[in-house]
Every structure is written in C-alpha cells, then in structure tokens.
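What TrEMBL says about this one:
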SIGNAL    1-18  signal peptide
DOMAIN    27-217  domain 'Ferritin-like diiron'
BINDING   44, 79, 82, 165, 199  Fe cation binding site
C-alpha cells in the first residue's frame with residue numbers, strides 16, 4: 001500500500017476513533033453535555049487570551065502599570081488552568097475533546113453583546129467596553145472609545161474583566177442547569193465546588209477593585225491617575 005495513503009488512512013481512522021466515547025469509562029454522561037463542556041473550554045481559553053493581551057498592554061512603556069500587568073498575567077494562567085481542568089474532566093468521564101480557533105476580536109465582541117443584556121451596571125458604561133481589546137486586536141471592537149490619551153486604563157480594564165467573568169459564570173450556570181436536567185450529579189458537584197464557587201469569589205474581588213477605581217474617577221484634577229498608581233502598587 002502506498003505509504004502516503006496508509007498514513008492518511010491511519011490519521012483519519014485515529015480522528016474518527018477519537019470522537020467516540022470511551023465505553024468502559026462513560027456512565028450517565030451525555031453527548032450534549034460533552035459538547036457544552038467543549039464549548040466552555042473554548043470560552044476559558046478565549047478569556048485567557050484576552051487577559052494575556054491585556055497583560056501585554058499594561059506592560060507597555062507608555063502605560064507602565066506593572067501591578068495590573070501582573071494581575072492579568074495571573075488571570076490568564078488561571079483561565080488556562082480552568083480549561084485544562086475541564087479537559088481532564090471530560091477524559092475522566094470517557095468523553096472527547098475537539099478544538100476550534102480562538103479569535104481575540106470575536107471573543108471581545110461576544111462579551112460586548114453580553115454586556116447589553118447584563119444587569120450589573122456595566123451596560124451603563126458600554127461606550128468604554130473593550131477599548132483596550134480593540135487596541136491590541138487587529139480590528140477595533142468599539143467605535144465609541146475616544147482618544148486613548150483620555151482612557152482611564154485601569155478602570156476600563158477591570159470593568160472589562162468583570163464583564164468577562166460574569167459572562168463565563170453565566171455559561172457555567174447554564175451547563176449546571178443542563179447537567180441537573182440530565183441528572184448528572186457528579187458534574188453538578190464539580191461545577192459547584194471547583195468552578196462556580198471560584199467565579200463568585202472572583203466577581204466579588206473584581207467588583208471591589210472597580211469601586212476603588214471609580215472613586216478616583218469621581219475626584220477632581222489628577223486624582224484618578226494618582227489613585228490608579230497607588231492601586232497598581234498594591235497589586236505588585
């Protein structure tokens with residue numbers, strides 16, 4: 001048999017086999033749940049990609065906020081860890097994982113759409129959402145961002161983070177409901193104790209940061225930049 005043809009058949013056979021569930025492991029684990037978890041992996045990786053881009057922005061010499069840079073570097077690593085945990089879980093349940101491309105612009109636009117229907121107060125400031133993402137992406141995300149010299153960069157970055165975390169949390173809650181409908185007790189337990197609890201804590205922490213940064217915004221003169229600098233120093 002032609003070696004190239006043999007290799008092609010072997011690869012195709014491997015891919016086809018890879019899509020199947022592992023029968024010896026799988027128990028009460030449905031295809032629709034597997035698909036939802038695969039989609040969640042993509043969302044966790046997309047969040048990691050956004051945070052990595054934000055970390056690079058705050059490391060720029062004309063921004064120079066190392067504490068906020070560190071925050072986003074750590075957040076990026078954490079989201080990758082979440083994705084890996086879901087990959088490990090799918091394999092543990094006898095499922096399969098397939099991957100799709102991650103586009104920074106698409107990821108940020110998805111969060112923008114979520115903000116319009118959210119009730120966290122972020123929709124009030126929709127005109128400044130994802131401005132940094134548009135700067136580091138290949139295309140603009142929001143046409144209402146104005147001059148970059150006027151941006152309150154730490155504040156808009158943390159407001160973006162809150163939007164991202166609330167979006168990811170909403171998707172996890174949807175998976176939890178679907179798992180509950182399928183009577184998948186193990187998955188609901190894992191989601192509650194390893195993912196949702198951490199999301200609630202993260203959302204609360206970010207909301208506190210936004211409150212502090214907005215208090216500097218409400219001051220007069222150069223209070224915001226000074227407050228942002230002090231805030232950044234505490235994150236180092």
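Each Cβ is built from the backbone N, Cα and C atoms, and glycine gets one as well.
Because the structure is a prediction, the values reported are computed rather than measured.
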| said: Given a separation of at least six residues and a C-beta threshold under 8 Å, show me what packs close to residue 165 (Fe cation binding site) in the same chain. | reply: 199, 202, 203, 206
| task | Give me the mean pLDDT over the domain 'Ferritin-like diiron' (27-217), rounded to a whole number. | result | 93
| query | When you average the Cβ positions of 44, 79, 82, 165, 199 for the Fe cation site, which other residues in that chain have a Cβ within 8 Å of that mean position? | reply | 43, 47, 78, 168, 195, 198, 202
| note | Around the Cβ of residue 82 (Fe cation binding site), other Cβ atoms within 10 Å, all chains included, total 23
| note | Long-range Cβ list for residue 44 (Fe cation binding site), cut-off under 8 Å, min separation 6+ in sequence, same chain only, gives 79, 80, 82, 83, 86, 168
| query | Around residue 79 (Fe cation binding site), how many other C-beta atoms are within 10 angstroms of its C-beta? | reply | 23
